[in-house]
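What TrEMBL lists as active site is B:7, B:68, B:141. Residues or ranges marked as Mg(2+) 1 binding site by TrEMBL: B:7, B:141. Taken from TrEMBL, the feature Mg(2+) 2 binding site covers B:68.
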């Protein structure tokens, strides 16, 4: 399956596209960081992000979009910008009819490192290893976006197997949403 | 001028459309509260909001969109949802090429009541009076959205007169953004 992961942010928004199957190897398809100038007006920044994320969804036609869930433990002023960027990312998938799932940072860390409390360096190391990259993706937003996509591929597979074992084809995650086609 | 005001929220998003000119009387054109169920998934909620706000902008073709600026003094978990809804509202204007301006709650209160620390009841009373309504708009989100639109009409006029007095046609507000046509 092809998954587009987004580490949302107004100044730097990481986007990683990964193909793979649950339990199997993952391949990097694309990675980029969408940037908007911090001195630009908010509407212009959100529109830039919206246009680029929309274009990436149209270009790659992912089967799923995975976005990092925004939490309140950060600096509250930063959290507002991150929440606004996450809304744009979620809409980019939802408008295209692509299922969107959100994951907490701990879920992503646990998926790629085995520990929900791993630090950023450990996540970057594991993303580099899992995708067999010659060098680490930079900046950290790029590595985080790739980790989100890997997390969705692996967890999605586990959910599908669980649903199958329970005798239904139903999606297992309470946080997944099937979109509108 | 015709202004569409938005009091952003995920559960209740107030929208008010007001026509008027700076220093003159204002007329209500439309008011509604867009609601999304709190037990629905976030992507579905954001998409519902996006579709309705986009439809209202296409229907009314406002010359400006005024959105309440999100602040961090609220409950941080609530602030995340409000910030996400505000991003959808700002994008609805920006995508349509309509200039979007954000106002703090204090700016809106000061515009319609003369005091930046007025309470909600006072804002509702003044909105009802200024628009010569037979009864108060309910819920408060509807009154707040109308107040935002009135605030923009009045402040926009003051800014235009200031800019004219300064010898330029330039917009005076650092928070206004002209959109893309």
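Cβ from N, Cα, C; glycine included.
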Please work out the number of neighbouring Cβ atoms within 10 Å of the Cβ of residue B:7 (active site), leaving out its own Cβ.
29
Cα-Cα, whole number of Å: residue B:7 (active site) versus residue B:141 (Mg(2+) 1 binding site)?
6
So, three-state DSSP: helix, strand or coil for residue B:7 (active site)?
strand
Tell me, by DSSP, whether residue B:141 (Mg(2+) 1 binding site) is helix, strand or coil?
helix
Report, in whole Å, the straight Cα-to-Cα distance of residue B:68 (active site) from residue B:141 (Mg(2+) 1 binding site).
11
